[in-house]
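According to TrEMBL, the protein carries these features:
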- A:303: active site (ACT_SITE)
- A:56, A:58, A:150, A:303: Zn(2+) 1 binding site (BINDING)
- A:58, A:59, A:60, A:90, A:276, A:307: substrate binding site (BINDING)
- A:150, A:177, A:230: Zn(2+) 2 binding site (BINDING)
- A:45-233: domain 'Dihydroorotase catalytic' (DOMAIN)
Ligand SMILES: [Zn+2]
């Protein structure tokens with residue numbers, strides 16, 4: 001059966017409508033659509049969104065399949081309502097050649113849970129010294145358009161300038177992990193009141209802000225597009241706001257955890273809260289929410305960073321940085337942005353699907369929910385309230401900061417080009 | 001008292017005074033011909049040192065042995081302990097051996113907290129210094145030394161350090177001793193001033209219960225005790241200050257500066273001292289300098305802490321209390 005009728009869903013949070021999927025596309029949107037020959041999904045009270053797009057996912061394959069694989073990561077993505085994810089380049093080997101990006105791309109296609117768009121490394125081995133073969137990665141079957149040394153900052157101003165210039169040839173974008181390396185030597189957490197007390201090495205806001213300031217100026221100078229990964233401070237927001245007002249082609253992302261959690265949690269010394277950039281202060285959290293609402297920050301990206309238990313079950317300094325996020329992202333956004341009145345569901349669709357697809361040029365994703373469009377869709381039970389139970393995660397890793405926490409909302413269905421990947425909260 | 005001693009900030013005023021008073025009892029044992037108590041007979045204490053510190057380890061070991069505990073020394077330095085999971089592995093090995101208390105020294109801030117709170121072991125955990133975080137028994141022995149000198153050995157019993165003005169000088173940023181002392185001295189009612197070049201004061205210090213000054217000379221006349229912190233020469237290479245000479249000139253304690261302190265004021269140092277850098281030999285060897293007493297007091301304090309965390313309801317020192325007024 002190739003026809004599916006989604007009945008009575010609030011499309012983008014609006015009035016209830018029926019959505020008829022036929023094959024890979026949306027055939028019709030309206031009220032009182034005929035269920036003739038279609039499998040019916042009762043969606044009364046639920047919100048229908050375009051399939052979510054994550055511009056910042058760590059799938060770990062190749063190299064760290066004990067943390068995550070393309071299969072487990074894309075299953076986690078489908079569980080979280082995603083139909084496309086951009087896979088970061090910091091794998092082993094690093095995704096700095098056409099061969100590696102094609103492998104990751106093909107695995108995504110084969111498994112079929114979610115489109116995987118590999119991100120290519122900016123520099124060979126993420127070493128920041130020599131440009132990787134950006135053009136070859138773009139021309140490969142993977143069609144890479146986003147480049148990032150994420151995990152590391154492209155800190156050499158000349159290399160950054162060249163990368164920004166070079167990718168203009170094929171409309172690419174450089175996604176910067178903004179972290180001045182000298183200012184963050186030995187950094188373990190946000191530098192401030194809490195780090196002073198705990199005696200943990202500080203990661204100062206200015207280490208992020210100074211790189212963002214430099215990069216928007218470089219982007220302006222060479223007329224290129226730059227994307228700021230996981231922006232985390234109030235000061236960064238101000239710089240991006242200024243750059244946009246000046247017409248600089250900058251886009252920025254914020255993670256769900258930076259919208260919700262603060263560095264006060266580090267007092268537990270529980271490495272589940274260890275992440276890069278670090279959790280910041282209440283003031284930063286509010287600035288980030290406001291900036292996401294007013295569009296200064298363009299998108300939410302998960303920075304889904306799976307790690308095996310043993311890499312977190314240790315003392316803080318020895319622990320790996322990062323947390324998983326694909327399966328909880330929408331709930332955190334609902335709690336911090338929707339339930340607070342900062343963003344409506346159309347706004348969520350924009351920040352979590354439309355804009356990330358545009359930035360990453362994932363044509364076919366982030367499209368309107370209307371006839372003729374690819375049937376990439378996510379159905380959300382926004383009334384659901386429940387505790388996060390990592391035991392049920394599809395991700396191979398369980399390093400979530402939300403274990404036992406009550407979060408609103410739950411993705412019940414995900415369709416990738418008309419094929420259900422998630423039905424009633426269960427992966428197909 | 002809590003079950004573990006991780007941070008000086010965890011101690012209430014009454015806890016702290018109880019430890020200081022108990023340490024006075026313990027100190028009397030040192031004056032006896034047989035310096036040993038049966039208090040912890042049959043209990044096993046492990047000194048788990050992931051970071052070298054012969055002084056601290058020997059001090060704990062002496063305290064444990066005077067209380068008749070069985071002592072195991074585990075030094076992880078030099079072995080393949082670099083990955084974090086080894087702390088957990090080591091802890092579980094100790095747990096299997098039925099250890100009653102773990103005295104842990106670790107280069108990572110928070111390691112003792114993790115050890116105590118992660119469910120890895122049941123033993124009591126005593127922090128013997130973690131990263132740049134805390135070193136609570138050092139703070140206690142410093143407070144003990146101050147109370148003896150500034151309030152009195154016997155007259156100090158039951159008392160805190162209310163109104164005493166303490167100045168801590170040097171590398172506050174990297175100092176667990178400074179952090180612990182600020183917390184404990186504040187709890188005990190003292191007024192603390194930190195003095196350091198701005199590069200060696202942590203961002204966020206404004207929330208600490210103390211004053212901060214960059215000027216040593218103006219602070220000295222108002223100090224009842226001046227605690228000099230160790231300044232590592234490596235800090236110079238990391239541009240925390242320009243030269244060793246300049247540091248000494250601005251923040252070092254010499255005879256001339258010491259003369260600006262009130263008559264009764266004492267000079268303290270957690271050791272080991274770098275003579276010539278933060279303190280001149282003249283000051284270090286003067287009778288106002290309490291470094292040697294601090295070492296002796298360290299054993300008494302550690303006996304008191306071990307006894308209070310592990311001891312039952314038996315008096316620590318048989319017949320001692322009945323001879324006292326309290
Ligand atoms: Zn990153």
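Each Cβ is built from the backbone N, Cα and C atoms, and glycine gets one as well.
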By Cα-Cα distance, the member of recorded positions A:150, A:230, A:303 nearest residue A:59 (substrate binding site): A:303
Residues among the binding-site residues A:56, A:60, A:150, A:177 that border ligand 1 - Cβ under 6 angstroms, in sequence order: A:150, A:177
Least surrounded among the recorded positions, given as A:150, A:303, when other CB atoms within 10 Å are counted: A:150
Rounded Cα-Cα span from residue A:56 (Zn(2+) 1 binding site) to residue A:303 (active site), Å: 5
DSSP three-state assignment for residue A:56 (Zn(2+) 1 binding site): strand
Close binding-site residues near residue A:230 (Zn(2+) 2 binding site), where close means Cα within 10 Å, chosen from A:56, A:58, A:60, A:90, A:276, A:307: A:56, A:276
Cα within 10 Å of residue A:90 (substrate binding site) - qualifying binding-site residues among A:56, A:58, A:150, A:177: A:58, A:150
Long-range Cβ environment of residue A:307 (substrate binding site), under 8 Å and at least 6 residues apart: A:67, A:320, A:322, A:397, A:399
Inter-residue Cα distance where the pair is residue A:177 (Zn(2+) 2 binding site) and residue A:276 (substrate binding site), in Å: 9
Residue A:58 (Zn(2+) 1 binding site) to residue A:177 (Zn(2+) 2 binding site) - Cα separation in whole Å: 14
Additional residues around Zn(2+) 1, ordered along the sequence, whose Cβ is within 8 Å of the centroid of A:56, A:58, A:150, A:303: A:57, A:88, A:151, A:229, A:230, A:301, A:302, A:304, A:305
Maximal Cα-Cα distance (Å) across residues annotated as binding substrate, namely A:58, A:59, A:60, A:90, A:276, A:307: 17
Between residue A:177 (Zn(2+) 2 binding site) and residue A:56 (Zn(2+) 1 binding site): CA-CA distance (Å): 11
Residue A:177 (Zn(2+) 2 binding site) versus residue A:150 (Zn(2+) 1 binding site) - Cα distance in angstrom: 5
C-beta crowding around residue A:177 (Zn(2+) 2 binding site), within 10 angstroms: 25
